[in-house]
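This report concerns only the one structure given below.
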Amino acid sequence: MLPPYFLFKEMTDTHYIGRFAPSPSGELHFGSLIAALGSYLQARARQGRWLVRIEDIDPPREVPGAAETILRQLEHYGLYWDGDVLWQSQRHHAYREALAWLHEQGLSYYCTCTRARIQSIGGIYDGHCRDLHHGPDNAAVRIRQQHPVTQFTDLLRGIIHADEKLAREDFIIHRRDGLFAYNLAVVVDDHFQGVSEIVRGADLIEPTVRQISLYQLFGWKVPDYIHLPLALNPQGAKLSKQNHAPALPKGDPRPVLIAALHFLGQQVETHWQDFSVEQILQSAVKNWTLTAVPESAIVNSTFSNASC
């Protein structure tokens, strides 16, 4: 028995659909732009749709006003999306239905293990609560892994092998604090939106096998995956909101777009200063070459706003 059709959209549309799904934990930075631009160019080069989803399911990590700022930043850099923005904060009903279905099928269970206990056994959950039949009080919900996914094909990097212990772990899909886990929400929403290919940063390679295992449990078609290289700051650390990466400049977006295109290994117009943002992006779509994107997970190339 598959999840109800009215809630989970079947991927019958063979047209390309890509997406960019930022969390509102801060403004977009250069690393965010690489992911947004790469997914945008891949979608447009395939004559496909490019969607934007705001992943606002973790209120403690959210910065007030960041979501709207992110949307304005995308517009400032010429990255206009198709259709309406999907907000995960408005999708709780879908996640609850997904949790209920998994529970009814015996594919999940309640777990009361603390983080301290799991760390004491090496950091990988050992299935301690799998057959203890706990109730929901003060408990997280874990997936009951039956056919772990230990590898997947990345269209840029080839076959990627996962850590076997991590791949076999019964991971959390609903947190003890009542929040929905990222892996559950992203799979439910990517399927609901009909996303056919996921283009994102290489920092999300690790959870991919878990997400694929969820697709398989639900009986859904698995999308293709492309993981783009990550940018470093001048100190050699990954650009991220946690590392206080500077927000994208609010001035002329063209030099930053050109820097992002260079980072992605793409051909750039020699006299780009004579081009508008729209013209730069049109040229980038026309010349987009996935095989030119560096395959390494982290590119030893630094960026700072001062360089623009």
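Cβ coordinates are placed from backbone N, Cα and C, and glycine is handled just like the others.
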Range annotated as motif ''KMSKS' region' in Swiss-Prot, from 233-237, 238-242, 248-252: 238-242
Residue from GLU55, GLU62, GLU68, GLU164 that Swiss-Prot also lists as binding L-glutamate with ARG19, PHE20, ALA21, PRO22, SER23, TYR182, ARG200: GLU55
Shell of the Zn(2+) site beyond CYS111, CYS113, TYR125, CYS129, same chain only (C-beta within 8 angstroms of their C-beta centre): THR112, ILE118, ASP126, GLY127, HIS128, ARG130, ALA140, ARG142, ASP170
ARG19, PHE20, ALA21, PRO22, SER23, GLU55, TYR182, ARG200 excluded, remaining Cβ within 8 Å of their centroid (L-glutamate): ARG53, ILE54, VAL186
Helix-strand-coil residue split for the motif ''HIGH' region' (22-32), DSSP-based: 3 helix, 1 strand, 7 coil
Chain-internal residues, separated by at least six, CB under 8 A from PRO22 (L-glutamate binding site): LEU28, SER32, ALA36, ILE54, GLU55, ILE70
